[in-house]
Amino acid sequence: MRIHQYEKIWIAGAMILIVGFIVTITYGSVGLGITMIGDEEETIAPDELNDDEQFGEPRVEQVGENEYAAYVVAQTFIFQPDPIEIPANNEITFYVTSRDVIHGFYVPGTNINAMAIPGQVAELTVEFDEPGEHGLICHEYCGSGHHTMEGLIVVQSEDEFDLTELSAETPDTVAPGEQIQLNATVENGQLEPLETTVNAEIGDQTFQQDLTVDGKSTQNVTFTADSTQLGVGEHDWTVTVDDYEETGTVEVVSNETDEQAGGDES
Amino acid sequence: MTALFVDEYPAEARLVKAAFLSSFIAFGIGALFGIIQALHRTDIFRFIDSIKYYTVLTGHGVFLVIAFTIFFLVGLYQWAVTDSLERGPVDIRFTWFWYGLMAIGSFLAAISILAGFLEQPPMVLGAELRANVLFTFYAPLEANPLYYIGLALFLVGTWLAGIDWFRTWWAWRDENPGERIPLRTFMVLTTMMMFFLGSVGVIVSILVFILPWSLEITESLNPLLTRTLFWFFGHMIVYFWLLPAYLLWYSVLPKLSGGRLFSDPLARVVFILFVLLSTPVGIHHQYMDPGIAEGFKFIAMTNTMFLLLPSFLTAFTVVASMEHGARQRGGEGRFNWLQALPWRNPAFTGMALAGLVFAFGGFTGIVNAGMNINYLVHNALWIPGHIHAQVGTATALTLMAGSYWLVPQLTGNRLVGRQVALFQVVLWFVGIVFMTNSMFRAGLVGVPRRTAEPQYQGFEYDVPVGSMGELNAQLALGGTLLFISAMLFLVLMLLTVFNNDSEPIVDGTLPPALSGPEDSPQVLDNLRLWFGIAFALVVLAYALPLAGIVAQSGLFGQDIPPFPVSSEAVMYLEFGLDYVGALVT
């Protein structure tokens, strides 16, 4: 086959360019370790998501030192959880699936980009260097409300970040002379033990207790107040642990009146 | 001057004109939808509901990249086969049959899309008549079955068109034993081989999975499988849009430049490379998909990079042919020959500008193909920037420019408004530069594609240079110029069709190449061989990924129900949203 000399040079140049592109991309994968979303994850049927250990309750979880997993479910037209709170300077592995149609999982301006396909789980590992807030959007058309589908990724500094959960409760009503028991539960989702102080107030009585919650466990604290001292009527209570606060009311009801007052707890 | 195509082959010219008419109608509607989107998504002028935006978007995609391009292709290819083999089809009734199938198919798909504008769409085949699923129709989003039936008929028609041209060629071969396949027919046959191979994916996806599922014959499907089958077809189809432009660049552009094609053998090599490589690359559209192993993505990436080769070869041959033409016209110097080119000829200028944009679009395509850089741009506005440079200009502008040359020969009428035509092609170029510049830059800051309102509550885009307002203004300005240009083109075509009392001033003869087919080995014309190798490459690239997807979650998926995009579904969704919202808080 007769090929003009110039054209031969051109073809050779084109081939060098092509091979060069392939080499740079290979270097990106092997040398820099930019992995592609692959097929490592098990599949999961969308109608079994609610019963799934990981996606049943979409959340962020610590899985190792400086390593977190974020289980995200995309569905028309929201992301769960929202916001997704994660620590800076830690490896975050997102596991993303869809409950219904094909969605996207994209943080504009970054390389956090994946498809959420029903039945499949996309896995991608990222790290944020700086605390801050990033918009999360669905970038695959998913139906009439597609353009409203957004979430938020909140990156907190390492010191600030925790996976602490606080819940607290008292009886709604007590009779005068009975003890008021305030039960507070502190859950530590991180691997390291949590050393903290629980502060509580019931009416005008204050309590304080130091507490150490081991990694991935839960501790209960009970504070007891005397209802006689507080007197008949509604009393506010508050429990705080670090930045978390729970509040409610308890009513001391005299024996003569049988009124039920609605307590509040969450 | 030789006889015009319409005088030599009046029956075939009628078919080509019919195909072009269908193509141009689709082009007009698609262009209208384009400007609506450009103004809507930039929030410059919104007169439709954002839900209807997706009807517009579906229409824009289907009318332009399915109907406009492929109807033009079948018209152009019918002309190319007839003119280069100097004979008509074996049976012209068969030719009209496939055209009819394509017309009916596109009509059905069109009404199912346009019904999306109705407040109360009629019930057809047990479902609301709507198809707000975009041209990629990713399941489990569901359109009315009529949409899929329309697409299937259209594809079958296109298959039959290919078979028709093969029959014509077989008949010609019997009459001309031992002769090389004329170049334009060679291009047509190789394009269709590529189409036969690549369209298998989407045909299986529609006929085996999506259509039965939308008719409630099957209950579930595997969304990753139908998506992968779509992209099996989806990258081949971009070359199906592009190769008619290549045919014009290789056969008509050298002549318009005043010279001859530089190399016939390399033109053949280029088309063979497209047959071999345009299908086993589809997975590069799925770099971000879970469920496909990284290794398969890597293979698709390397294949894609080698697919650059035929386009590089084309750049050389086309520019060399233009330079040859310019020197025939008296052009001299290292670059001064550029001035000797016939820039006042809209057909030439349109094709040359299209080629220029194609080069730029090609480089953006390399970015997309680079699988790890793709994280930055996948589904961002960058991607439509690339598409509008490629099919929206390399193809569309070349087809318009080609029409200025070809339509007079098909009608026997002189082109009306040659100066306006020149303005029109330059206007398209200016419009696309504004619009794609905005799309590329906006894509890099993360503005997503395919959305009615890329404005969000929770964050703002971080535009390093300029502002979102400036990017939006450029996009809207570019879109408006493109729309005006498209309308000018259609008006000129209409006036030319009715310009009866005139003689065209085009010469339809195409000179032979400088280096003719005799310089190339006979094996290039062994179409069976190339088809066999292409088939083997597709099997290598796709057998394992497809088997993996089926093994993981089954041929029909894990209980994936349809998700109709209708008003009722919206209410249902809103209810579901409240319900979920209540659960969360």
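Backbone N, Cα and C define each Cβ position, glycine as well.
Taken from TrEMBL, the feature domain 'Cytochrome oxidase subunit I profile' covers B:20-524. If you take every residue in the domain 'Cytochrome oxidase subunit I profile' (B:20-524) and average the pLDDT, you get 95.
Annotation comment: TrEMBL describes B:20-39 (among others) as transmembrane segment.
Per TrEMBL, transmembrane segment is recorded for B:51-76 (among others).
The transmembrane segment feature in TrEMBL is assigned to B:96-117 (among others). Residues 15, 18-19, 22, 26, 52, 54-55, 58-59, 62-63, 66-67, 70-71, 74, 124, 129-132, 143-144, 146-147, 149-158, 160-161, 164 of the same chain lie 6 or more positions beyond the ends of the transmembrane segment (B:96-117) yet place their CB under 8 Å from a CB of it.
Within its own chain, the transmembrane segment (B:147-166) has Cβ neighbours under 8 Å at 66-67, 70, 74, 77-78, 81, 89-90, 94-95, 97-110, 112-113, 131, 133, 137, 185, 188-189, 192, 195-196, 199, 202-203, 206-207, 210-211, 214, counting only residues six or more beyond its boundaries. Marked as transmembrane segment by TrEMBL: B:147-166 (among others).
Note on the transmembrane segment (B:186-210): residues 73, 77, 80-81, 137, 139, 148, 151-152, 155, 158-159, 161-162, 165-166, 169, 218, 221-222, 225-226, 228-237, 239-240, 243-244, 246-247, 250-251, 267-268, 271-272, 274-275, 278-279, 282, 525, 527, 530-531, 534-535, 538, 556 of its chain, located 6 or more positions outside it, place their CB under 8 angstroms from a CB of the stretch. Annotated transmembrane segment per TrEMBL: B:186-210 (among others), in sequence order.
Residues annotated as transmembrane segment in TrEMBL: B:230-253 (among others).
Annotation comment: TrEMBL describes B:265-285 (among others) as transmembrane segment.
If you look up TrEMBL, you'll see B:305-326 (among others) marked as transmembrane segment.
Look at TrEMBL and you will find B:347-367 (among others) tagged as transmembrane segment.
Annotated transmembrane segment per TrEMBL: B:387-407 (among others), in sequence order.
Distant neighbours of the transmembrane segment (B:419-440): 38, 344-346, 349-350, 353, 356-357, 361, 364, 381-382, 384-386, 388-389, 392-393, 396-397, 400-401, 404, 471-472, 474-475, 477-482, 484-486, 488-489, 492; these residues of the same chain sit at least 6 beyond its ends, with a Cβ under 8 Å from one of its Cβ atoms. The transmembrane segment feature in TrEMBL is assigned to B:419-440 (among others).
What TrEMBL lists as transmembrane segment is B:529-551 (among others). Packing against the transmembrane segment (B:529-551) from elsewhere in the chain are residues 190, 193-194, 197, 222, 224-225, 228-229, 232, 272, 275-277, 279-283, 291-293, 296, 299-300, 303, 523: each is 6 or more residues past its ends and has a CB under 8 Å from a CB in it.
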(request) Sort out the residues at least 6 away from either end of the transmembrane segment (B:20-39), same chain, that have Cβ-Cβ distances under 8 Å to it, and list them. (result) 45-46, 48, 53, 56-57, 59-60, 63-64, 67-69, 71-72, 75, 102-103, 106, 396, 399, 403, 407, 410, 435, 475-476, 478-480, 482-483, 486-487, 489-490, 493
(request) Could you give the residue numbers and ranges of same-chain residues that sit at least 6 residues beyond the transmembrane segment (B:387-407) on either side and whose C-beta is under 8 angstroms from one of its C-beta atoms? (result) 5, 20, 23, 27, 64-65, 68-69, 72, 76, 79, 238, 241-242, 244-245, 248-249, 252, 256, 346-351, 353-355, 357-358, 360-362, 364-365, 415, 418, 421, 424-425, 428-429, 432, 435-436, 439, 482, 489, 492-493, 496-497, 506
(request) Please give the sequence-distant neighbours of the transmembrane segment (B:305-326): residues at least 6 beyond its ends with Cβ less than 8 Å from one of its Cβ atoms. (result) 246, 249-250, 253-263, 266-267, 269-271, 273-274, 277-278, 281, 337-338, 340-341, 352, 355, 358-359, 362, 366, 369, 514
